Structures are given as structure tokens and as C-alpha cells.
Amino acid sequence: MNKNSSNTMALAPNTSNKRETVCIFGTGDFGQALGHKMIQSGYRVVYGSRSTQISNLIPKDAEVLGHAEAAQKAAIIIIAIQRQHYNFLTPLAEVLRGKVLVDISNNLKLNQYPESNAEHLAQLLPGCKVVKGFNTVSAWALQSGTLDASRQVFVCGDDVEAKQMVMNIVRALGLTPLDKGSLLAAQEIENYPLQLFPMWKFPIFLSLGLTAFFFLYCVVLDIVYTYIYEKKDFSFFIAITIPNRVCPVMALILLALVYLPGIFAAIIQLYRGTKYSRFPDWLDKWMLCRKQLGLIALAFASLHAVFTLVTPLRAFASWRTGKGIISQVLNNKTEPLDHTNAWLSDSYLALGILGFFFFVLLGITSLPSVSNNVNWREFRFVQSKLGYLALILCTAHTLVYGGKWFLSPSAYKWYLPNIYILSLIVPCAVLVVKFVLIFPCIDKRLTQIRQGWERNPKYSK
């Protein structure tokens, strides 16, 4: 009987476990959304406002008081106002002394002020414990509950205990706090929401530049050249044919560029004989954006697959097929099956399908929800070993498809090589150098360097 009673008590909700009171200065969108979320999480919320009248926008279980009276009821005060309005806090210095002030403000542009908003607040109220936090979470995300895209909350502050109190609130709201250190990190935290895809800029600009180059290159060779010398109008190639040539070329080159910085890093380490020297800044930045390059390459590969599937539906394809059939009928001659071309056609299709499969596998394992469920060795196996296998298959796919143009003089219009020839330069270079690096004599030395061996150690033991 007693055992059953204890189990029943354990399963019953603890309705008396009410959390502490938190004060929020500011009744704007974010202040309202944050207060509503905190009330749902069991906190008692009191708003400090110039107007103490209850608004329909304020959570119904919250209390609205004047700033001084509201501050006296809580040890933690969330400052949900903009920096230009901080001056009203100066007369409240005595009331706020010793309390934890959470600055959640953001600016309109990067490095808008010499010091961060949180540091400015700490200078105005030296008797308070200022903590930076919640500025990376949007009011819309708090209201709608869709926090998957902004679940991480950066927190920094000089007082360890105050910072821990704020991090406890973050956890209670179902968010993930990340301690960024002292208040000196506030500038970086405030700049974070203002950055538009910081790790995507180089991959996107590079992709746009290469895409524009290869697109114009194909227009010149396939449309302009044909129109000048053959008097044929193939301008409709712009819609399907040329994109279906540019997309696989971009996918292959970008995939090769994912693994090229690793080749450079290995060569530099072998040359220096140590891993304890920093890589050049350009190589560091390149290595940090490899994931983004790979995802953009996967997008181009996916577009290539879609364009290829719709190719038989085109009027040009139907016309060319019909023309071939009519030609055989008029000549009363059936063209025999060319087994060599049949093998080449099936081979390059099979290689393309396999390459695209491993391409997709690389993209899936790069997702946080997947990568978090595999250990480092498994992740490295997929991204490195299977990644190089995908590069080999895609390169072979291009070689089999475009190999017939390499030695054909007609393929060099205006002495310019075919686009598929250009696409093979980077991936072939990567694969050749990688093949050299895996020679046992070189791979052994590279492994020793990465394990801490140095050719000329600075300090002898």
C-alpha cells in the first residue's frame, strides 16, 4: 500500500514548484514574448514600464508596475529596451545596485558603437552585474515555439554567479545556453545576429562567379559560334541545354574544391615538418567553409539530375529523334546498334547515379541532426573516404561522357576547349596529388606530423 502511494506521488506533477520572480524592463514585442514564455515555464514575471496600465498585449498572469517598484521585486532584471533609452536607468542606480541586469539589445549595423551595449550598460550602472544574453533569439520564435533555428543562446558576463543564474533561465525556457566568457565577448555576440550567412559569403560569391563564367562560355561556343559559322539559331539552349551543362560542371568543381584545401594543408605540413604552425589565413577560411561548398555542389548536382530527367520531354529532343527515324525510313536502312556507344552510355549513367548517391550521402551526414549521432571516426569515414569515392565516380562520369571531345579538333571552337575539359582540371589535380599523398612513405610521415612529431623541434626534451 505504501509502495503504491509513493509511486503515485512520484508521478503527480509538482504544482507548487514555482520559480523566482523575474523583472522585465520594456513591454515591446520581445519583452512580451519573453515574458509569456517565462510564465509558461513557471516564472513569476513583473514588468517595469512608464505606463502601469494593463494592456491586452501583456501576458495576463504578469504584473505591471513602475520601474523602481518592479525592480525591487526581482533579483534578475531583463533590459528589453534599445541602447539609446538606457539613460532612464541612471536615476535607478541605487534600486538596481547588486542586481543582475540582462542586456538583450541588438544594433542596426556591425560595430555601431566603440563598445558593446552590455559594456555601456555596465559603465552606466557600475554597481550592477551585467550579463549579455537572449539577443540571438527572435520574438517570433518565442511566440510561435519554432525554436529549432535559434535554440542556442550566447551568454557572457564578468560575474560567474550572475551568468549561471541567466543560463538557468535559458535552460528552463527550453533553450541551450553557450558560455562565451567575460563581458568582452558582448561585441561579438551583438554582431552575430547582424551577419548574413557569414560562412556562406565566399562559397556563394565563388559559385555565382563560376556559374556566370561557364554560362557565358557555353553561350559563346554553343549559340554565338553556331550562329556565325553554321547560320543556325540555337538560342533556346539557354533554357535547358546550357544549364544542364553548367550544373554538372559546377557540382564537380565545387566538390573538388571541398577537398583541395586538405591537399594544400598536407603539403604545407610536410614542407614545414610540423603541425604547430598556423596555416595562411586564406587556407583557414577556405577550410572553414568546406561544408557550405559541398552543400552548394549538391544543389548543382540535384539540378543536373532534374534537368536530365526532363530532357526527353523537350521539343528539340523529340524533333531530333523523329528526324533520325524518318531518315532511316527514307533511306530504307536501319542503323545497327553501336555496342561501344551503348557501353559508354550505360557506363556514364551508372557512374553518375552512383556518384550522385554518395553525393547525397555526404549532404545527409553533414546535417547536425545526423552528425550528432555518429562518432568522429564514422563522420570522418563518410566525409573523407566516401567523399573521395564520390569525387572519383563523378570525375569518371565526366570523363566517360566527355572523353570523345578531348582529341576531336571539332570540339575546339575558336581554339577554346569544351566545358567538360575545363571541369576536369581541378578534380583530376586533386585526385592525382591525393594518390601521391597516400603512398606509404609519405602517408606515414604525414601521420607522424599530425600526431605531434616535428622535424626541427624548438625545445629539446
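Note: Cβ is positioned from N, Cα and C throughout, glycine not excepted.
Listed in TrEMBL for this protein:
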DOMAIN    21-107  domain 'Pyrroline-5-carboxylate reductase catalytic N-terminal'
DOMAIN    249-382  domain 'Ferric oxidoreductase'
TRANSMEM  204-229  transmembrane segment
TRANSMEM  249-271  transmembrane segment
TRANSMEM  292-310  transmembrane segment
TRANSMEM  347-365  transmembrane segment
TRANSMEM  386-407  transmembrane segment
TRANSMEM  419-442  transmembrane segment
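By the Cβ criterion (under 8 Å, sequence separation of 6 or more), the transmembrane segment (204-229) is in contact with the transmembrane segment (419-442), since 3+ such pairs are found. Same-chain neighbours of the transmembrane segment (249-271): 203, 206-207, 210-211, 214, 279, 283, 286-287, 290, 293-294, 296-298, 300-301, 304, 359, 387-388, 390-391, 394-395, 398, 419-420, 422-424, 426-427, 429-430, 433-434, 437, 442, 445-446, 449-450, counting only residues six or more beyond its ends whose CB sits under 8 Å from a CB of the stretch. Below 8 angstroms of C-beta separation, residues 248, 251-252, 255-256, 258-259, 301, 344, 347-348, 351-352, 354-356, 358-359, 361-362, 418, 420-421, 423-424, 427-428, 430-431, 434 of the same chain, each at least six residues beyond the ends of the transmembrane segment (386-407), sit close to that stretch. Within the model, the domain 'Ferric oxidoreductase' (249-382) shows a mean pLDDT value of 86, rounded to a whole number.
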